[in-house]
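Chemist: According to Swiss-Prot, the protein has these features:
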- 172: active site, nucleophile (ACT_SITE)
- 418: active site, proton donor (ACT_SITE)
- 421: active site, proton acceptor (ACT_SITE)
- 1-15: compositional bias 'Low complexity' (COMPBIAS)
- 16-28: compositional bias 'Pro residues' (COMPBIAS)
- 418-421: motif 'DXXH motif' (MOTIF)
- 60-455: topological domain 'Lumenal' (TOPO_DOM)
- 43-59: transmembrane segment (TRANSMEM)
């Protein structure tokens, strides 16, 4: 999609000046140019031949070498981005509440990337490719009331990530945010030096030049459940084990940044099916009030963090509620159908919307985070800002059971419109902008070049 002509913002809000664009990175070094020449020479073929000969002759002795591609030996790591030479990053003061503000129309600095240019996007969130006729949802910048968010600088961020692992843990909304982050960083990475590997509960994006990974791990309840297979699960059959977490949590060890969420999977019923202690069958379960079960899960989760996470190495974040927009009367459109045909945010507001969130769950997580003793948990409050974005969901321009909606399904939006997930580029980019701000606001230990997941 080519960039549209300068569009006139809706006459609802006074716009603030857009944030300045990221600074231009320094030029590549002469050694990079030399290596580029070598790649076009017979030296490449010679190195490859020796590599294959070693594999043939020594087999097990070069197993770890075989896990890397030839490119890992011919291509250097990314040149260090001289962050210290840039103007100081203007970060908001710790006292500024980033969750309170307004959406400002901005077709100058947004979108942060183009849908068609991010080949890693899944069909689920590729709304333009799926036929959405409007694109205004991409052009809204979040402006906190008393400060400003820094523009996401992919090179500055990846320097922070050099040699490190970041993992989003939770449900498909955390995957939505993970996809956004991949699209934000991938333009600065060399072709052939970035890829996604999907394996079981993992989706792993490898940024080879930085020896870094951005990962998503499927655990919709955080604890163990009968829905832990990311591809096969049923809404009406969800059963959880609130005190069992190890099968998931063993995969979270030695990760540098952990970003958790869990909410939407809890919202189908007031009571949750809970597997009985010491049971060997998922059919052996009780029904327990939702908030009670949620509390048990977070006791298990927080205990695991306190016992297994080294706060000197690992930073822990928790994303608050991402809203559903299923009841248009809540934003003054009683004749609407869910979020269908919504093209603008809620702009003229004087108080928060009431979207029927279970705020007991929000408050419970906030209390758990506040009471952590050894491992700080930073809450990233995305709820109110996202409440106003009734326009930005995938709606009828998504997939169901792996396929685009049929005309017959689109004719029944009450049943088939997805007002949970978000089009990309879009709202999750702002979530990542806040995450970026939080990470850069904190000092972090130097890279230890940990062992990354096998590719």
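Just so it is clear, glycine is given a Cβ too, placed from its N, Cα and C backbone atoms.
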Chemist: Residues sitting near the motif 'DXXH motif' (418-421): Cβ under 8 Å, six or more positions beyond its termini, same chain?
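Modeler: Answer is 124-125, 172-173, 176, 264, 322, 324-326, 338-339, 390, 393-396, 398, 400.
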Chemist: Quick one: pull the CA-CA distance for residue 172 (active site, nucleophile) versus residue 421 (active site, proton acceptor), whole Å only.
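Modeler: About 8 Å separate the Cα atoms of these two residues.
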Chemist: What are the sequence-distant neighbours of residue 421 (active site, proton acceptor), meaning same chain, six or more residues apart, C-beta distance under 8 angstroms?
Modeler: 124, 125, 172, 173, 176, 393, 394, 398
Chemist: Treating G and I as helix alongside H, and B as strand alongside E, what does DSSP give for the motif 'DXXH motif' (418-421) in helix, strand and coil?
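Modeler: Reading the DSSP string over the motif 'DXXH motif' (418-421) gives 0 helix, 4 strand, 0 coil.
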Chemist: Within its own chain, what residues at least 6 apart in sequence put their Cβ under 8 Å from the Cβ of the residue listed as 'active site, proton donor', listed in sequence order?
Modeler: 393, 394, 395, 396, 398, 400
Chemist: Tell me, roughly as an integer, the mean pLDDT over the topological domain 'Lumenal' (60-455).
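Modeler: For the topological domain 'Lumenal' (60-455), the model's average pLDDT rounds to 92.
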Chemist: Please give me the CB contact count at 10 A for residue 172 (active site, nucleophile), counting all chains in the structure.
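Modeler: There are 19 of them.
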